[in-house]
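J.: Here TrEMBL flags 10-89, 99-193 as domain 'GDNF/GAS1'. Positions annotated as region 'Disordered' by TrEMBL: 234-257. What TrEMBL lists as compositional bias 'Polar residues' is 234-246.
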Amino acid sequence: EPVLSKGNNCLDAAKACNLNDTCKRFRSAYITPCTSSTSNEICNKRKCHKALRLFFDKVPPKHSYGMLFCSCRDVACTERRRQTIVPVCSYEDREKPNCLNLQESCKKNYICRSRLADFFTNCQPESRSVSSCLKENYADCLLAYSGLIGTVMTPNYIDSNSLSVAPWCDCSNSGNDVDECDKFLNFFRDNTCLKNAIQAFGNGTDVNVWQPILPVQTTTATTTTASRLKNAASETTNNEIPTHNDSPACANLQVRE
């Protein structure tokens, strides 16, 4: 097992971001709308989410992932990691909605719908695989996860004690759909593929392993992150997750042109 730094890796990642012009610019661009003003103590969540999407779309993974998936040994580090996306504005709310209701809200927005489908496809766990990922590709899973940040489905670390993540929702008031709701929530919270991907990046053990497919160069432009997410979300019929009995019913998200 690689020897971890005794310092605060998440603090080091934040410092590295400030030394990179692109990372510093886009980070500053989301800190402002994601921080409540002194006058009304209410942040602008819509602008916050838009700025966060730009940050993860435009900043190289070396820096954006470095802040979001840094490895930690103490609470100070894990709390900094949890605060990366300014959760009071981008993540938390006064009340937690039901997860299935949150999913319905996500399905009404093209960006959120396609990126959630991409997350179910690329972070699908598989216990028989070497990586615990069906697609054996950590990089694609982390890309899909970070793509959800800045949507109504924005996930974050649940606490400072583990790598468990979840969107801001619960399964109370689910009625007869409680099993379906639990499957949806557990796909985030107890996802071994995603946890292994986060841990491998933080420990630096993912180098040259399961790298993402590079975008195809065309004569006019390079394929963008958004179009890659769109294409990935359309790879399977109706975006269903293949050959996995525990896949949530919400994997049935269809992206319509």
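Using the three backbone atoms N, Cα and C, a Cβ is placed for every residue, glycine included.
Tell me what's around each of these sites.
T.: Secondary structure counts, DSSP: the domain 'GDNF/GAS1' (10-89) has 59 helix, 0 strand, 21 coil.
Under DSSP, the residues of the domain 'GDNF/GAS1' (99-193) split into helix, strand and coil as follows: 50 helix, 11 strand, 34 coil.
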J.: Can you give me the average pLDDT across the domain 'GDNF/GAS1' (10-89), rounded to a whole number?
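T.: Averaged over the domain 'GDNF/GAS1' (10-89), the predicted model reaches a pLDDT of 93.
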